[in-house]
Amino acid sequence: MNKPAVIALVITLLDAMGIGLIMPVLPSLLREYLPEADVANHYGILLALYAVMQVCFAPLLGRWSDKLGRRPVLLLSLAGAAFDYTLLALSNVLWMLYLGRIISGITGATGAVAASVVADSTAVSERTAWFGRLGAAFGAGLIAGPAIGGLAGDISPHLPFVIAAILNACTFLMVFFIFKPAVQTEEKPADEKQESAGISFITLLKPLALLLFVFFTAQLIGQIPATVWVLFTESRFAWDSAAVGFSLAGLGAMHALFQAVVAGALAKRLSEKTIIFAGFIADATAFLLMSAITSGWMVYPVLILLAGGGIALPALQGIISAGASAANQGKLQGVLVSLTNLTGVAGPLLFAFIFSQTQQSADGTVWLIGTALYGLLLAICLLIRKPAPVAATC
């Protein structure tokens, strides 16, 4: 058993549960300090504030994990999250919410370091499967977290934050007492041994520029369903909240299944390039169908295609991780987290605006834009060459 990688999965699951726990109740907590008319604005600002802090600080924390080790940075990140949730649980004024979110965003390196641990402890050929499991663990946490948070929030809007703080404290103790990072056995030339840990961001990222563009754009496209799903299904099919929730739960469960099981199984038989193409084509087809379907029942078969598209990102992340030495995985994974959070800020703003402008005349426009962007990514993947020093092609 790959103990470091398994612990990384557990850390990711618990971290995602903590995030998911607070999602249903943060607006309720804001209502304790704000009039109803101001809740939505402050809710959006709090979410964006965390993401912006991640964009700025995730690469730096990833770099520190290369220099100081994965364990100290993981402990810092988990301590920051536990402090954030404790502060929110005890909050009695609005500024405490903002302070907690800022601290959590600055110290939030769990995702980057967990991915670095997976890269440290697995062979290049195994990374697609393990990155798929990592994504599935995060998805499972985001399914379980809101369910628990919703129930706890009925008792008190502060209770989910208490539970999230306890989860992070338990994870902190697990990392402190159990986690031992994998011993890096990667063979390096003598000059690389001296210089690799000090390699600049530009030197590291330049050979991976096109792959990083593909990663960023794929994550940006993923913000389309995350942003407009509720609005679109209510507008076109007149769905109520129960129907929307059922569809999202089904999509989340199937997405986790494809990432945890299907991506790894395919990686044993197919190249990463083939898996990426298959995932992008599945998503592009699903987006095209979403723009055209006219009845609510038609959504459910499309969910399978949307979930199937989830096999692309683990394969893409596996290829990108192969473009960095073991001494630079934290730096690289921090950049990927930063890019992901950047799409989390820009995507909802962009796609919500597009949907609002086209809802009355052509509410499927946003899905067609996603289809076109996938076409661009497929063309770019044909042009990408092998990045130095050890990355494969896309």
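Placed from the backbone N, Cα and C atoms, the Cβ positions cover glycine too.
Features as listed in Swiss-Prot:
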type     : residues : note
TRANSMEM : 6-26     : transmembrane segment
TRANSMEM : 42-62    : transmembrane segment
TRANSMEM : 73-93    : transmembrane segment
TRANSMEM : 94-114   : transmembrane segment
TRANSMEM : 135-155  : transmembrane segment
TRANSMEM : 159-179  : transmembrane segment
TRANSMEM : 198-218  : transmembrane segment
TRANSMEM : 243-263  : transmembrane segment
TRANSMEM : 274-294  : transmembrane segment
TRANSMEM : 296-316  : transmembrane segment
TRANSMEM : 335-355  : transmembrane segment
TRANSMEM : 364-384  : transmembrane segment
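Within the same chain, residues 8-9, 11-12, 15, 29-30, 33-34, 42, 46, 49-54, 57-58, 61-62, 65, 70, 73-74, 76-81, 83-85, 87-88, 134, 138, 330, 333-334, 336-337 sit at least 6 positions outside the transmembrane segment (94-114) and bring their C-beta atoms closer than 8 Å to a C-beta of that stretch. Three or more CB pairs closer than 8 A are found between the transmembrane segment (274-294) and the transmembrane segment (364-384), so contact between the two stretches is assigned (pairs 6 or more residues apart).
Take the transmembrane segment (198-218) and the stretches 42-62, 135-155, 364-384: counting Cβ pairs under 8 Å, 364-384 has the most.
Here the transmembrane segment (335-355) does not touch the transmembrane segment (296-316). Their Cβ atoms form fewer than 3 pairs under 8 Å, with each pair 6 or more residues apart. Panel annotation: around the transmembrane segment (243-263), residues 128-129, 131-133, 135-137, 139-140, 142-143, 225, 229-230, 233-234, 237, 275, 296, 299-300, 303-304, 306-308, 310-311, 313-315 of the same chain, lying at least six beyond its termini, place a Cβ under 8 Å from a Cβ of the stretch. At the 8 Å Cβ cutoff, the transmembrane segment (135-155) and the transmembrane segment (6-26) share at least 3 close pairs (sequence separation 6 or more) and count as touching.
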